[in-house]
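If you check TrEMBL, you get these features:
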type	residues	note
DOMAIN	45-290	domain 'G-protein coupled receptors family 1 profile'
TRANSMEM	29-52	transmembrane segment
TRANSMEM	64-86	transmembrane segment
TRANSMEM	98-121	transmembrane segment
TRANSMEM	133-153	transmembrane segment
TRANSMEM	197-218	transmembrane segment
TRANSMEM	270-292	transmembrane segment
Amino acid sequence: MLGPSYNYTVETPDTFVLVGIPGLHSSHLWLAISLSAMYTIALLGNTLIMTVIWMDSSLQEPMYCFLCVLAAVDIVMASSVVPKMVSLFCSRDSCISMYFVHSATAVESGLLLAMAFDRYVAICKPLHYKRILTLQVMLALNVIITIRAVIFMTPLSWMVSHLPFCGSNVVLHSYCEHIAVAKLACADPLPSSLYSLISSSVIVGSDVAFIAVSYVLILRAVFGLASKSAQVKALSTCGSHVAVMALYYLPGMISVCVSWQGQDIVSLHTQVLLADLYLIIPPTLNPIIYGVRTKQMRERIWSLLMRCFFDPSNLSS
């Protein structure tokens, strides 16, 4: 899975060579440093979120359980591409991984929908919250979300891997983005590209539609409250989720639209850079958003850090 140079070609390549960000080779070192810093924050932040939720029984509620799974998926998504990106930027060592990164993005979208459902039940049906969102229901939702990602992403990887490649094996990208790989095929890449567009539209479109319905019902219930302070308190519980959704969906939609416009409108290095940032920014900022905006999480994280640094003997208690 390694390639020594950018102009390496084979008749029927079994491997592909990633070139990083075309046109920005002189900036690869600084990009590697930036990505390494963001990846470190993502690992530490998401690991801290999972640790706090796992150790504190008061946080083992549906919302925080979904957050714990989201943090794990963020680690998988970032780890699928960032370490190899950094290696590529620093030493031109290139390797590709398509399946995990695309599956992780599909799982993350499903988790955001599940978290919207959690907020809907908490605000619109608070008396039935624990009866509706039981442990069995949460496990079932996570399994369904994972199975959906596997069902949609497996054909995409199969279609791209079975395309005939008889020319260059140089992928003009910094990770295994399927459109960039499909463009190298000798056959028409339109079927796999269409499948990618349709599957992503179905997943994201249905998730966004259900999320929108959830928030319409949430807003209707909130504005029906008599107390202004109760309205603010109810809306504040949704603030972190809304910020994380915007951080995930907006850059993703921009990246997809830009990649479909082509180089004639948007330069290739801009397309690749947007795609890279889409995969690393949400895992980096999600734990910060929930850690800062959610009072209960903020207090538990601060308590854990204090015990860890100043009284390690109490960590097991």
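Backbone N, Cα and C atoms are what each Cβ position is placed from, and that goes for glycine too.
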Look over the recorded stretches 64-86, 98-121, 133-153, 270-292 and say which has the most C-beta pairs under 8 A to the transmembrane segment (29-52). 64-86
Of the listed stretches 64-86, 133-153, 197-218, which one has the most C-beta pairs under 8 A with the transmembrane segment (270-292)? 64-86
Contact set of the transmembrane segment (197-218) with the rest of its chain, CB cutoff 8 A exclusive, min separation 6+ beyond the ends, reads 106, 109-110, 112-113, 116-117, 119-120, 123-124, 148-149, 152-153, 155-156, 234, 238, 245, 249, 252-253, 256, 260
